[in-house]
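Enquirer: Just lifted these from Swiss-Prot, have a look:
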BINDING   THR60, ILE61, GLY62, GLY63, THR64, GLY65, LYS66, THR67  ATP binding site
Amino acid sequence: MAFTDRLLDAWYKGHPALALLRPLEGLYRRVVEGKRARFLAGEGTIYRAPVPVIVVGNITIGGTGKTPLILWMIEHCRRRGLRVGVVSRGYGAKPPSLPWRVKADQSASEAGDEPLLIVKRSGVPLMIDPDRSRAVQALLAAEPLDLILSDDGLQHYRLARDLELVLIDAARGLGNRRCLPAGPLREPVERLGSVDALLYNGATADRDDGYAFMLKPSALINLRSGERQPVDYFPAGQALHAVAGIGNPQRFFNTLEGLHWRPVAHAFADHAVYSAQALTFTPALPLVMTEKDAVKCRAFAADDWWYLAVDAVPSDAFVDWFDEQLLRLSP
C-alpha cells in the first residue's frame, strides 16, 4: 500500500500515530482560518463577477462525485434557459498559456482530466486557471453567460461567490474530522456551518443537514470505437479488470460489484498518468475504467477497454431548492 493510501486509511479508520501530526495541524488551521478571516473582513482584492457564481466543492481530500454533479447542474440550468460556463483550476494540466479555454479535441495533459471530461460530455464553455478570478473574467470576455459554476475553489476566496455547495461522501463522511495533515479536512469542520447546502454522495435519503444524491451507471462505452452498450452488457459474474485513478477508487469498485461483476481492482493515484504498459494485466480480461480515466487512455486503448458512464441523480428536495436559488439569483 502506497504512503498516500496508508494516510487516507488512517484518516478514515483511525491510527494512534496521527497524534504526532497535531502540532502541524494547528499551524495549518491558523493559516486557513486567517485566510478566511481576511476574506470576511474584506481585505485584499476580491473579484465579483457581473453574473452569479456558484462554487461546487468539498472540504475533504478525496473524491466526492463533484464532476457528475456539475454535469447535472449544467444540463439542469440549460433546461431553464440559462447560459452556463465553468471555471476550474485544471489540476495537472499543462496548457500553453493561462487562462486556457478547454476544447473537446485537446489532450488531458493539456486541459486536465476533469475539465476535459466536462467539455466532452456537455460542450460547456470552460476555462482553466489556478487563478479562478482571472478564469472567470476571461470566460465572460469570450462568451455571453448568465451563470458561472466553479469546479472546486471553495477555498479560493479571491473569487466572490453567490452560492456554496459542499459535497461529502456519505460512506466515509469527514473521517476523523481533523485538518491536514492529521486528518482529511482542508478547512475546519465549522466551515460547513457557513455554506448554503451540503450534498451527500451515496445517501439514500435526505438528511437533517443536507441533501442526498446518487451516482447512477448509465452506459458502458468502448474507448476505441465509441460503441455504447447498456450496463448489463456483461453477464452477471463476469470477471474484469477495473481501473480507477480517482479520489476514492473503492467507490468505483463497489459500483462494479453492485452490477454483479467480479472486478480485479487496480487503484491508481488521483489524476494518474497512464500508459498501455501500465494497464496491461494478466489474465486477459475485459477492462472497465472510470470516465475520468478514459479521457487519458483513448489514444492507446485496446479493443476490449470500456468506461462506465455515470450520471448524478439528486433528490427531489435538492432539485426544488436549487430551482429556488436559480430564481433568486436570476436578474
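Note that Cβ sites are derived from N, Cα and C of the backbone, with glycine treated the same way.
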Enquirer: Hey, does DSSP put ILE61 (ATP binding site) in a helix, a strand, or just coil?
Expert: coil
Enquirer: Report the member of GLY62, GLY63 (the binding-site residues) whose C-beta atom has the most other C-beta atoms within 10 angstroms.
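Expert: The residue with the most neighbouring Cβ atoms within 10 Å is GLY63.
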Enquirer: Can you tell which of THR60, ILE61, THR64, GLY65, LYS66 has the least company, meaning the fewest other C-beta atoms within 10 angstroms of its C-beta, among these binding-site residues?
Expert: ILE61
